Amino acid sequence: LTGVLDDCLCDIESIDDFNTFKIFPKIQKLQERDYFRYYKVNLKRPCPFWADDGHCSIKDCHVEPCPESKIPVGIKAGSSNKYSKAANNSKELEDCEQANKLGAVNSTLSNQSKEAFIDWARYDDSQDHFCELDDERSPDAQYVDLLLNPERYTGYKGPSAWRVWNSIYEENCFKPRSVYRPLNPLAPSRGGDDGESFYTWLEGLCLEKRVFYKLISGLHASINLHLCANYLLEETWGKPRWGPNVKEFTRRFDPAETKGEGPRRLKNLYFLYLIELRALSKVAPYFERAVVDLYTGNGHEDAESKALLLDIFRDTKSFRMHFDEKSMFAGDKKGAKSLKEEFRLHFKNISRIMDCVGCDKCRLWGKLQTQGLGTALKILFSEKEIQSLPENSPSKGFQLTRQEIVALVNAFGRLSTSIKELQNFKVLLQQTR
């Protein structure tokens, strides 16, 4: 896998070097810090699109929620926007005053009205979101320690898993049903069509719709790489051994095994990496402000976490071949606005499909990675708001919740890991030949 990527001026070798020597070691460290390791997620939301297939009963599908006592006080105390100590304190005062005011008129508010108020607030917040966000106040939402629930091959496969990806591609990637898309090696092929007609069609699309497909394909490739790299190799006496499975990697990505499709998928992984890398470089000013201090309640740890995050931002800004998002949605204003909204709603739909994944661990990481990508897209298309942020107070125009920040960093961490794993597989393949 070499050379320049389509739709941008960046080559694969530059990304490999940049990721290996600059980003990967630092992002690994950052993901281990308390602020970024605890993610609140609702794994019990019903699938909105079809009758539930039932949950996967394989033990490796299970997610162990975090006991309350283990969660840092600054994280569990909070509203989703608590990213600084100052915001914490002022928010609590506001909540208190608000409660007193509401208390006076509470008897006139029916439960239905209160629900409507909450829905309106949520609707206002969701205008720039690319993801369907979990309601963190739901009793079903629980904190999960991501370090104790790593993404790896669980054995979840077959019709249920297949239906999720099929629905994502067939119904959400701007594709007419008449165009056959080359699926992964597990898919039944249709006659003599080798998928080239799909790529002819894809090249004829506008840039935005091409980008959308590449992001989804890149995410799919990244998830498949994690499963190949962290595969259950054997289980003797109840002691599982996880590691890279070269045979599985070959089955999913080798040109001969995938009718030339594998390298295309891996190129889309690099494209997705570039998009999220660009988002990190754009959002840096948001975090550089003194008002943001990644609050967990442990001042020393919080300062170290922020210093490491800012160090990563400096690296992202030093990268010379960023994707130019200004090339997107750049046509006439009305058409561009309509296309952007279509793009946003399609992606939002994909985030909802993640509630249809039958394996809890796969659902957890699917939700986190789609929310991370959705946050990256929100950042890329909010440039003006980020440039005009107030230095010492929380911003009204552009806001990131703690959940979005955790998802953004961990999703990019997963892509960084994928590209590192790809280097490992290259070495392993050379050794087996």
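Each residue, glycine too, has its Cβ placed from N, Cα and C.
Note that the structure is a prediction, hence the values are computed from the model and not measured.
As annotated by TrEMBL, disulfide bond applies to C56-C61 (among others).
The annotation FAD binding site is assigned in TrEMBL to R152, T154, W165, S217, H220, R252. A sphere of 10 angstroms centred on the C-beta of R252 (FAD binding site) encloses 23 other C-beta atoms.
Sequence annotations record features per position, and here TrEMBL assigns disulfide bond to C359-C362 (among others).
For C359, the entry in TrEMBL reads active site, nucleophile.
Residues or ranges marked as active site by TrEMBL: C362.
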Any idea what the Cα distance is from C61 (disulfide bond) over to T154 (FAD binding site), rounded to a whole Å?
6
Near C359 (disulfide bond), which of the binding-site residues R152, T154, W165, S217, R252 can be found within 10 Å, Cα to Cα?
T154
Note down the number of other Cβ atoms within 10 Å of the Cβ of W165 (FAD binding site), including every protein chain shown.
18
Including all protein chains shown, what's the count of other C-beta atoms within 10 A of the C-beta of R152 (FAD binding site)?
19
Fewest-neighbour residue among binding-site residues, criterion Cβ within 10 Å, set T154, S217:
T154
Quick check for the class: what is the C-alpha distance, in angstrom and rounded, between S217 (FAD binding site) and C362 (disulfide bond)?
17
